[in-house]
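As recorded in TrEMBL, the features of this protein are as follows:
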type	residues	note
DOMAIN	41-290	domain 'G-protein coupled receptors family 1 profile'
TRANSMEM	26-47	transmembrane segment
TRANSMEM	59-78	transmembrane segment
TRANSMEM	98-120	transmembrane segment
TRANSMEM	132-154	transmembrane segment
TRANSMEM	197-219	transmembrane segment
TRANSMEM	240-260	transmembrane segment
TRANSMEM	272-292	transmembrane segment
Amino acid sequence: MESENHTRVGEFLLMGLSEDPDVQPLLFGLFLSVYLVTVLGNLLIILTVSSDSHLHTPMYFFLSNLSFTDICFSSTMVPKMLVDIQRQCHTISYTGCLSQISFALTFGGMENFLLAVMAYDHYVAICNPLRYTVILSPHLCVLLIVLSVSISIVDALPHSLMVLQLSFCTDLTIPHFFCELAQLIKLACSDTFINTILVYMVTGILGIVCLIGIIFSYVKIFSSILRMSSAKAKQKAFSTCGSHLSIVSLFYGAGFGVYASSEFTSSSSSSAIASLMYTVVPPLMNPFLYSLRNRDVKEALKKIIRPYPFVRLSHLL
């Protein structure tokens, strides 16, 4: 691009999921419902874990942190999208865009690390049950959370600082419903080589390391389960891992979809849908998978709901 085509950035235009005005009320209602269910469902998980002493274990400590991360991750993008649809104004300030990128990378990274930590928790619980509380001491649990937060912030910081060095052309339209880092880099007129290296090397390596850790944990877990003689013990072990495996499949499957759509297709709608699956669906599904498939959580939820006869949810549990 010629230098005269460069412009001082004041704001970006987010295209959203659809430009059809007839579809906007439907999208608003859908995503408002999804966001409310996500926030209330994950808050219910946190309340359940904190109020029931039987759930004061490393597994549910990590689960409540995952629920908190899911609320923050979803809140980084969905409320802004709802406001844009309601006001019919899809602009976002330069500062707002950078902030959204930073928070999305931080909470996305935390989700990535927490899923790996929870896989390790399941590995210890199934493969070393007698030493579970010794290995996963309260000190280690807090340390793992602190490390997850710290590494996620350290990962997000250089991306945000490098974006500040980019210059942009006159086209400031982001074909997305939020400021995604890869889409913003595509708009830049200046050299983006270092930014691209950071995206595909640093973030990629961290994601791959966590995924390898999860796969290694589950190889050990399944090997241990197959050696169990009791069918009931096998069923309990698979039940313990089922919810976590479902979330892992959603998160990493959608994450790979975002990468594939960005690299191998030029369709902005495909990329937006893939990002939607990555950023909105896992936080939404987390409370359902852990409340409907986990016996301990279901029993604790019943204790919370039982004093309120007007809540007719017991048949779902």
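Backbone N, Cα and C define each Cβ position, glycine as well.
Tertiary neighbourhood of the transmembrane segment (59-78): same-chain residues 31, 34-35, 38-39, 42-43, 45-46, 49-50, 100, 103-104, 107-108, 110-111, 114-115, 117-118, 121-122, 125, 141, 144-145, 177-178, 247, 279-280, 282-284, 286-287, 290, 296-297, selected by CB-CB distance under 8 Å and a gap of 6+ residues from either end. Within the chain, the transmembrane segment (98-120) has long-range Cβ neighbours (under 8 A, six or more residues past its boundaries) at 59, 62-63, 65-66, 69-70, 72-73, 76-77, 80, 92, 144-145, 147-149, 151-153, 155-157, 159-160, 163-164, 178-181, 184, 203, 206-207, 210-211, 213-214, 217-218, 244, 247-248, 251, 279, 282. When pLDDT is averaged over the domain 'G-protein coupled receptors family 1 profile' (41-290), the result is 87.
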